[in-house]
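Taken verbatim from TrEMBL:
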TRANSMEM  20-40  transmembrane segment
DOMAIN    23-623  domain 'Major facilitator superfamily (MFS) profile'
TRANSMEM  61-82  transmembrane segment
TRANSMEM  88-106  transmembrane segment
TRANSMEM  196-225  transmembrane segment
TRANSMEM  245-269  transmembrane segment
TRANSMEM  315-333  transmembrane segment
TRANSMEM  353-373  transmembrane segment
TRANSMEM  385-405  transmembrane segment
DOMAIN    430-483  domain 'Kazal-like'
TRANSMEM  509-533  transmembrane segment
TRANSMEM  545-570  transmembrane segment
TRANSMEM  598-618  transmembrane segment
Amino acid sequence: MEYSGRNQTTPQANCCSPTLKVFIGLLAFCYFTKSLTGAYTKSTITQIERRFEIPSSTVGIIDGSFEMGNLLVITVISYFGAKFHRPKIIGAGVLLMGIGTLLMALPHFLMGRYMYDTAATHTNDPDNFTVSSTFSSDTQNTVQQLVSGNLKGEVESSPTWGIVLFGNILRGIGEASIGPLGMSFIDDYARPENTAFYIGCLHTIGGIGPIFGYSLGSLCASLYVDIGLVNQESVTITPQDSRWIGAWWLGYVVSGLLTLLAALPLWFLPKSLPENPQTSKAYHPSTEHKHTLSITEIAKDFWPSIKHLFTSGIYILYLICSVLAFNAFVISITYTPKYLEQQFGQSASKTNFLIGVMSIPPVALGMFLSGWIMKRFKLGLLGSARLMFFTSVTSLVCIIPYFALSCENIDVAGITVPYQRTFEVQYVSHDLLTSCNAGCPDFLWDPVCGQNGVTYISPCHAGCNSTLGTRQNMTFHGCTCIQSWGLTSGNSSAVLGQCSRESSCTKMFYIYLALQSLAFFVYCLGTVPFFLISLRIVDPMLKSLSMGIFLLVLRVFGGIPAPICFGALIDTTCLKWGQNKCGERGACRMYDIETFRYLFLGLVSSLQAFSYTLLWIFTTQIKKKVQYDEKMSKDIELQYPMLRDPEQENNIK
């Protein structure tokens, strides 16, 4: 396979050729579909965890698989892709992303219908609804009635989550070409002062994608997983229930088709654009080679180029502080929906919708203004570093109030509160059963809310012996465990579902989203400098490779371990695990939200604080470098006045 330099063309006077504008528009659409799918994937974390009955650590592996696929090829694509037809390589990558996205929806069509356990349907089939109208007054008989048929507290588990993981790996492989090749292509053919603005526009469009991604996630989460196959009225659980699973697969079909549509036009763009004297840079693809090069000749400089990057102290320092910040960022965007659901008791549908409409627009606005600020004030390397440091520290200050916005764990008998007021819960596994419910299986999870305001993990554990009503309107009566709180038999009933949280939780939920929107906006004002610095602190010939290595390191040390390790930490806060048909541990039904809060907020803020300390050191090093370059420039100017280049000075200030 061979590569040849760009054909010589007549220079054009206009600052941005129509073909470059078309390329930027198509690349922006790719950014849109990429971020839409990425946001939708984050919104389905809880749904996937429940559908496949897997812990948060395994879901973290699925989420990190995108980065795994990306790192497999990003270095090679960044280096070799810059030598060949960049638009076509990007198009091939986007095509692969679309195929991978569609593949992620495949397990839904391979698995059977979702079966959940509830006392309201002994057949465990929403379309075959039957209810036992009375229970024996004897507790042991009550237990037998509750667990009769298929009601064993076990739900279907499937290894087909591996297909979701593989599809996400394909997405990561396809995405590897978009950032490095796309931004370097723009930087090669756009005027220096316009590059930052164009990159800012790309990220702005990319920031709009999550609005639609989370909105799509909200819509799909509100639809029952087997929509079209079951009667919705026969479903006895609500979106607030920890057993609820929305139509998680539907969004992958929509976003996958949209991604395929984005890939096609890129195949029809030219390999290079007409040269423009106003867009000339220190390095330009057309001037690198005047003769045809074989791939062997191109490859011989690969390792020396890698060595050159990793022997640059300032580049390594920037990598380290970026990795720490990226770890915090990945943890935040991956588990924020789950955190809000657990902390404030909100449904996945409502959480995803409000994240999409309240938090993502400030992100898009911040990214756009980031590029505009860079263009308006013509910020060079030092100005970019200062802007990034200021926005990062300010956003860290904005998240401090998060620690005060919290709700208490709901009262669940035998887990967070005792069955009787006079006893304290010390060992959760030993306190699920008491004299009023002896014989109940401890793996059941079919919560009911008693008149005493306490949640019981099933009617059996509440000691109930009779029922009235059907489906979601079913009530349980004669619950002896509720009577142990001192209530009379006439007041010892329970209804399906967990007890509601205190009203202040909803208010704090909205306050949290408002503060999050402000923090996201301020943080995203530094988005363009974040990427542009990695292009400007290296030799111009290594721009694409620098960006590729930069993204590779972020994924290896941030994108992959962060969701997996933090997912494992979340698992340690679980108070009640589900159980699959194999008798193994399934998805978590209830978390200790106080410990969850301190883990989530504490780890994110600590990583950010450490990162921004290193960023301050990086900024001071950039300042010294700029001062040294200015001094050398003045010395040369005194000796050779005709060599002065005002534009070069602007690029480093």
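Cβ atoms are placed via backbone N, Cα and C, with glycine included.
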On the DSSP side of things, how many residues of the domain 'Kazal-like' (430-483) fall into helix, strand and coil, could you say? 9 helix, 11 strand, 34 coil
Within the domain 'Kazal-like' (430-483) only, compute the mean pLDDT. 80
Winner by Cβ pairs under 8 Å against the transmembrane segment (245-269), considering only 20-40, 315-333, 353-373, 385-405, 509-533: 20-40
Chain residues outside the transmembrane segment (315-333) and at least six past its termini with a C-beta under 8 angstroms from it: 42, 309, 392, 530, 533-534, 537-538, 546, 550, 553-554, 557-559, 561-563, 566, 600, 603-605, 607-608, 610-612, 614-615, 617-618, 621
The transmembrane segment (509-533) and the transmembrane segment (353-373) contact flag, 3+ Cβ pairs under 8 angstroms: yes
Please figure out which one of 61-82, 196-225, 385-405 racks up the most CB pairs under 8 Å against the transmembrane segment (20-40). 196-225
The transmembrane segment (385-405) vs the transmembrane segment (598-618): 3 or more CB pairs under 8 Å: yes
Sequence-remote contacts (6 or more beyond its ends) of the transmembrane segment (61-82), Cβ cut-off under 8 Å? 38, 41-42, 45, 48, 89, 93, 161, 164-166, 168-173, 175-177, 180-181, 184, 285, 295, 298-299, 302, 305, 334, 544-545, 547-549, 551-552, 555-556, 558-564, 567
